[in-house]
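Over in TrEMBL, the protein carries these features:
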BINDING   A:THR223, A:ALA224, A:GLU225, A:ARG254, A:GLU277, A:ASN375, A:SER377  L-serine binding site
BINDING   A:ARG254, A:ARG255, A:GLU256, A:GLU341, A:ILE342, A:SER343, A:SER344  ATP binding site
COILED    A:38-88  coiled coil
DOMAIN    A:164-402  domain 'Aminoacyl-transfer RNA synthetases class-II family profile'
Amino acid sequence: MLDQKLIRENPAAVKAALSKRNFDLALLDDFLAADQKWKTAQTELDNLRARLKAASKTKPTPEIIAANKKLSEEIKQKEKDAAALEEEQKMKLLFIPNLPDATTPDGRSAADNPEIHRWGEPEQKDFTVLAHDEIGVKLGILNFDEAAKISGARFVVYHGAGARLERALINLMLDTHAQSGYQEVMPPALVNAKAMTGTGQLPKFQEDLFACDKGDGLYLIPTAEVPVTNLHREEILDGARLPLKYAAYTPCFRREAGSYGKDTRGIIRQHQFNKVELVKFTRPEDSAAELEKLTADAEKILQMLKLPYRAVALSAGDLGFSSSKTYDLEVWFPAQNTYREISSCSNYKDYQARRAGIRFRREAGAKPEFAHTLNGSGLAVGRTLAAILENYQNADGSVTVPEVLRPYLGGLAKIE
RNA sequence: GGAGGAGUGGCAGAGUGGUCGAUUGCGGCGGUCUUGAAAACCGUUGUGCCUGCGAAGGCACCGUGGGUUCAAAUCCUACCUCCUCCGCCA
């Protein structure tokens, strides 16, 4: 969330920044009004408490007790009022998105996202490349009928070399990131509401999440960003140890509400998919440079796999709710003749840190400051597999295994 | 799932109704001493919110919520987490 003092003291500047997003500025005024109400009530409450506190320290004569009793009742009522007002103020604050970074390009939608650079040249094939799902079914490594039977739409069953390829990709990614200094972690895939609030999925995006309905308050994670970022929730980190870098493989679960009709074929948009995620905790002054490095670390996987891709910068209007700056990596899909997102790398600055209470101390005795958090896919595994099925497809319907993966597949060079 | 025990400041650990934001020790920071360091000694050392240009001041926080009371770290209650034992289980 944003710093409430910043909103109070510079409402015009905050509005100007938020107006670059697709955000209803009236919500900001709502917040300011609620904030003022709460502050007034809280000040009155503090004054009453001060009176009772002083009175309670004197000897308890009957008169004093009678007077205190009255005061005490007044305080109780005021406490309820103030608590309700604070709740309202906080809730409104949680619905205000992050401010776009100064370097985030202006623009209203994905159509306005400028391309930053391209890597690799899409191979010119002298045959028609089949879509990843079509070739996957033909090769017997993807099965959508079985998935529909046991789970429903937007699920897939991997078989044989397909299952093995998915696993190989996970290992390649984790091994590579470990060598780049990321600590591998394997977190739970079920988390509580506090964690979801800390990273910004709740309260606004509840309908995008799968939730357990047995009253245990647990949600299936939509990304490893949630458990890994919340690893340090309500902590004060040692500034000397920053940046902290984590890499995690987890399955991810998304309802994909509101994406009806989009990517209904194939494994591009599934309710459950695998992803390796990179997460960093940095000092504020380092986060911009760390975003560049994190993006490069994700790109490295695509380069090792020799998959053509491009990097785009998300324009302010296309930016995720909690992000201040985001680069998307888009891999080439020959059958669709287009680049599709395979990684999203973001600098959240102190937005998640403030929600989740993630702070650090520059040195012993220094005041705690909010850390900056960043994360990015390194990469979405299913989409990587899909990209391989298309980019490495041969005229005879076989698929060559990228060289870097072969050691993970017992030397397998071709799926046929 | 059952039976017990415990959650207090960076850590350890006192505190069982008012004078407690909290004794003390360790650690941290500053200083004295020393050529320097160690030791010793002295001082200092939590977080958040609000008012204020500032100096300063006010309030809250002893796992979390609710309750009792004029007054709660302290009593009651529910929940969470951890530990020990039993059961069950991959």
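Heads up, the Cβ atoms here are built off N, Cα and C, so glycines get one too.
Automatic prediction, not curation, is the source of TrEMBL annotations.
Structure coloured by features recorded in TrEMBL.
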residue: A:THR223; record: L-serine binding site; contacts (Cβ under 8 Å, 6+ apart): A:THR250, A:CYS252, A:LYS275, A:GLU277, A:ASN375, A:SER377
residue: A:ALA224; record: L-serine binding site; contacts (Cβ under 8 Å, 6+ apart): A:PRO187, A:ALA248, A:TYR249, A:THR250, A:CYS252, A:LYS275, A:VAL276, A:GLU277, A:VAL279
residue: A:ARG254; record: L-serine binding site; contacts (Cβ under 8 Å, 6+ apart): A:ASP208, A:LEU209, A:PHE210, A:PRO222, A:HIS271
residue: A:GLU256; record: ATP binding site; contacts (Cβ under 8 Å, 6+ apart): A:ARG154, A:ASP208, A:LYS262, A:ARG269, A:HIS271
residue: A:GLU341; record: ATP binding site; contacts (Cβ under 8 Å, 6+ apart): A:ASP328, A:LEU329, A:GLU330, A:ALA380, A:ARG383
residue: A:ILE342; record: ATP binding site; contacts (Cβ under 8 Å, 6+ apart): A:LEU302, A:TYR309, A:LEU329, A:GLU330, A:VAL331, A:SER377, A:LEU379, A:ALA380, A:ARG383, A:THR384, A:ALA387
residue: A:SER343; record: ATP binding site; contacts (Cβ under 8 Å, 6+ apart): A:ALA298, A:ASP328, A:LEU329, A:GLY376, A:SER377, A:GLY378, A:LEU379, A:ALA380
residue: A:SER344; record: ATP binding site; contacts (Cβ under 8 Å, 6+ apart): A:GLY320, A:THR326, A:TYR327, A:ASP328, A:LEU329, A:GLY376, A:SER377
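Among the residues the record lists as binding L-serine, namely A:THR223, A:ALA224, A:GLU225, A:ARG254, A:GLU277, A:ASN375, A:SER377, the two farthest apart have Cα atoms separated by 18 Å.
Other than the site residues A:THR223, A:ALA224, A:GLU225, A:ARG254, A:GLU277, A:ASN375, A:SER377, same-chain residues with C-beta atoms no more than 8 angstroms from the centre of those residues' C-beta atoms, the L-serine site, are A:ILE221, A:PRO222, A:VAL226, A:THR250, A:CYS252, A:LYS275. Under the three-state DSSP scheme, A:SER344 (ATP binding site) falls in the strand class. Across the residues the record lists as binding ATP (A:ARG254, A:ARG255, A:GLU256, A:GLU341, A:ILE342, A:SER343, A:SER344), the two Cα atoms farthest apart are 19 Å from each other.
Taking the Cβ of A:GLU225 (L-serine binding site) as reference, residues of its chain lying under 8 Å away and at least six apart in sequence are, in sequence order, A:THR199, A:GLU277, A:VAL279, A:ASN375. Long-range Cβ proximity for A:ARG255 (ATP binding site), meaning a same-chain Cβ under 8 A and a gap of 6 or more residues, is found for A:GLU207, A:ASP208, A:LEU209, A:PHE210, A:HIS271. Averaged across the domain 'Aminoacyl-transfer RNA synthetases class-II family profile' (A:164-402), the predicted model reaches a pLDDT of 93.
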